[in-house]
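Chemist: Take this structure, written in structure tokens, and hold onto it; I'll ask about it next.
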Amino acid sequence: VRELQTRLQSVQATGPSSPGRLTSTNRPVNPSTGELSTSSSSNDIPIAKVAERVKLSKTRSESSSSDRPVLGSEISSIGVSSSVAEHLAHSLQDCSNIQEIFQTLYSHGSAISESKIREFEVETERLNSRIEHLKSQNDLLTITLEECKSNAERMSMLVGKYESNATALRLALQYSEQCIEAYELLLALADSEQSLILGQFRAAGVGSSPGDQSGDENVTQMLKQAHDCRKMAENAAKALLMKLDGSCGGAFAVAGCSVQPWESLSSNSHTSTTSSTASSCDTEFTKEDEQRLKDYIQQLKNDRAAVKLTMLELESIHIDPLSYDVKPRGDSQRLDLENAVLMQELMAMKEEMAELKAQLYLLEKEKKALELKLSTREAQEQAYLVHIEHLKSEVEEQKEQRVRSLSSTSSSSRDKPGKECADAASPALSLAELRTTCNDSELAVEFANAVRREKKLKIKVQELVSALERLTKSSEIRHQQSAEFVNDLKRANSNLVAAYEKAKKKHQNKLKKLESQMMAMVERHETQVRMLKQRIALLEEENSRPHTNETSL
């Protein structure tokens, strides 16, 4: 629209004026509507304004009071095509239609009732309590997961400790077996040496009678067995030495070969050790070999002691938190877990309270509906009673009218024949009798009709009474049901209050227990700190005290 206004101003300033349309360059253009401002001159040209569909809005000229649409030649003279004008008109019309729709919806929209708003509030509260309950459950599960994760890490560390201890025990067992084997060989060597010495003493004649031929044969056989046992023990000892040289290679100097510690695992050291032991296998088992075997035994003992030192202290799988000095982090985690459990229980109670509030609102709504129905039934009962009284009064009036009519007809039938006979003796007597007979038949018909109407009215009254009784019974039943609902709701509310008080007491007991545990931990920590301070003071006194073999300057 602004572009059209600017182009219109440029056309008005530069374009020639036609005979039928005069251009006024001195008139300002309204920037909001695109119209020229009105002046006192009588020559005003029509200016385009956006309107419905293809047509543009009409302009009013002061010279002529009639309105006319903008022509296509005028649009083309401005320099705007009809498609552009139609597009602008469509867009403005759509905007106006949308605004009208929104205004209509705003002005005629149905207001939400207070009961609906109350229902929405109750439902929102219930959903919020449900969300809080789920959040507390999520927090509890998160803390439980963290605790399980820490337990899993602790178990993995414990498994690693068990594995390392098992490895250390296996090494210690291996060293012990090697020590036992070496001790057995030393014992066999000692036994064989003892048997050799005993055989030599027997051969020298110590402890035997001279000239005993069988004794000499036994001595030679004993010496032979002792030599064989010695040889077997020496061979076993040499084999064990070779094995120990291969396994513990290079820890000691073997057969005059000194091996450095950094060469203990090299191939050269193994080769030299193996060659030296192989050369020693050809020789006899000397005291040096026996001493070397004893040194290996001592080395195995030292290795076993070193392995025992590497064993870790293992704690139990199931840890009692009160039997150990738990770290503050563990205390905080346990407190967080208990708080999460309490929060989860509290959120569950809040959710139950919200649901009970929703049920209470529904029951109150139903109670109000029942009260309204009961009031309408009472009003109907009063109306029915009034109607019954009215019908009874109508029946009484009809009975009275019937009795009056019967009495009047009987009196008239008695008086008319006497009067007619006293006045004149004429054939009118027969007419009077005829009239009385006719009146009696009509009265009988009316009486029968009245009896039928009375029966119908009695039937209607009985129906109304039975309907009223049914309504009263149903209203009493509904009133009793509503009273039972209210009593159930009161019982549920009392149970909820009792549960809340119980949970509150439980929470207070837990808090007291946690406080007592915290105080016990604080006291235990203080005692440990005090003991450590005393120990530090004792150590400082021992360090500051001079030794007995030292002389003070």
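Placement of Cβ uses the backbone N, Cα and C atoms for every residue, glycine included.
Grabbed the feature section from TrEMBL, which reads as follows:
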type     : residues : note
COILED   : 117-151  : coiled coil
COILED   : 297-373  : coiled coil
COILED   : 454-542  : coiled coil
COMPBIAS : 1-36     : compositional bias 'Polar residues'
COMPBIAS : 265-280  : compositional bias 'Low complexity'
COMPBIAS : 413-422  : compositional bias 'Basic and acidic residues'
DOMAIN   : 126-189  : domain 'Harmonin-binding protein USHBP1 PDZ-binding'
DOMAIN   : 456-522  : domain 'Harmonin-binding protein USHBP1 PDZ-binding'
REGION   : 1-47     : region 'Disordered'
REGION   : 265-285  : region 'Disordered'
REGION   : 397-422  : region 'Disordered'
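Structural setting of the listed features?
Modeler: Across the coiled coil (117-151), the prediction's mean pLDDT works out to 85.
Taken residue by residue, the domain 'Harmonin-binding protein USHBP1 PDZ-binding' (456-522) breaks down under DSSP into 67 helix, 0 strand, 0 coil.
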Chemist: Mind checking how the domain 'Harmonin-binding protein USHBP1 PDZ-binding' (126-189) divides into helix, strand and coil residues in DSSP?
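Modeler: The composition, in the requested order, is 64 helix, 0 strand, 0 coil.
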